[in-house]
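What follows is a short report on a single structure.
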Amino acid sequence: MTGICFLAGRTAALIPAAGSGTRLGLGPKAFVEVAGKSLLVRSVAALAPLVDEVLVALPEGSSLPEGLPARAILGGETRQDSVRRLLQATSADVVLVHDAARPFLPAHVVHALLEAIPETGAATVALPVADTLVRGEAGRWGGLVPRESLWAVQTPQGFRRELLLRAHAAARAEGFAATDDAGLVARLGLPVTLVPGDARLFKVTTPGDLALAQALARVWDAGTDDA
Ligand SMILES: Nc1ccn([C@@H]2O[C@H](COP(=O)(O)OP(=O)(O)OP(=O)(O)O)[C@@H](O)[C@H]2O)c(=O)n1
Ligand SMILES: C[C@](O)(CO)[C@H](O)COP(=O)(O)O
């Protein structure tokens, strides 16, 4: 396999990029550009050197930019559907699922994730919560939520492919929907390793996130941050 030598077999990056970007309001989000490069191009470029193949789930009627080192498939109705289709389109032994909407992916995070996968077969990048957390009740302070032991889940998430296929099949059979893939594995009662993530891995979801991404791109593209 390419680059990483502590995992046996082939590794594929699976990039769900078929969302409509409703909260951002600029059309299909993966094609929105930050400093001249789309979120999708940035995510593929971060992963392609570290894996054997890259597969991308796209919205109907769209195609990959020319020259991008990736293969496209048609995405599904939901993120979960898109990831299931991606899983079915590869025979890799290990898969890394990464949101196109998280364009700033440091290589050291991918290395740490790949290193963590063999122990349990399932691992996700996540960040310990740093803010005070509170329940909102009708717009008022409804009570503190202790933040100790709480992590905010990011992507990439890495799995033995067979394990994630099993988790997706079980979820589909039972009509269960989760907002991420590690949650489907955890739901089977199986362990998921948490790998410390990175603040720069935020998901571009709202116009405010896009403004942050434009600012970060200036140092990221100049190579003047510490990634
Ligand atoms: N049917 C879908 C829905 C989402 N995604 C992908 O899953 C990732 C996380 O989804 P999100 O940030 O929610 O993107 P959107 O669904 O595009 O955003 P919104 O919910 O605001 O419409 C994105 O890379 C998105 O393209 C996908 O592949 N297929
Ligand atoms: C997968 C994910 O990015 C982990 O935090 C998140 O759950 C995606 O959520 P979304 O509502 O589909 O953006």
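The backbone N, Cα and C atoms fix where each Cβ goes, glycine too.
Per TrEMBL, the features are as follows:
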- ARG23: site 'Transition state stabilizer' (SITE)
- LYS29: site 'Transition state stabilizer' (SITE)
- ARG147: site 'Positions MEP for the nucleophilic attack' (SITE)
- LYS203: site 'Positions MEP for the nucleophilic attack' (SITE)
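Here the features listed in TrEMBL are painted onto the structure.
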residue	record	contacts (Cβ under 8 Å, 6+ apart)
ARG23	site 'Transition state stabilizer'	THR205, THR206
LYS29	site 'Transition state stabilizer'	GLY19, SER20, GLY21, LEU39, ALA100, ALA101, VAL204
ARG147	site 'Positions MEP for the nucleophilic attack'	VAL129, ALA130, ASP131, THR132, LEU133
LYS203	site 'Positions MEP for the nucleophilic attack'	ASP99, ALA101, ARG102, GLN154, ASP209
Cβ under 6 Å from ligand 2: which of the recorded sites ARG23, LYS29, ARG147 qualify?
none
For LYS203 (site 'Positions MEP for the nucleophilic attack'), what is the secondary structure state per DSSP, taken as helix, strand or coil?
coil
According to DSSP, does LYS29 (site 'Transition state stabilizer') sit in a helix, a strand, or coil?
helix
Near ligand 1, which of the recorded sites ARG23, LYS29, ARG147 are found, taking a Cβ distance under 6 A to any of its atoms?
ARG23, LYS29
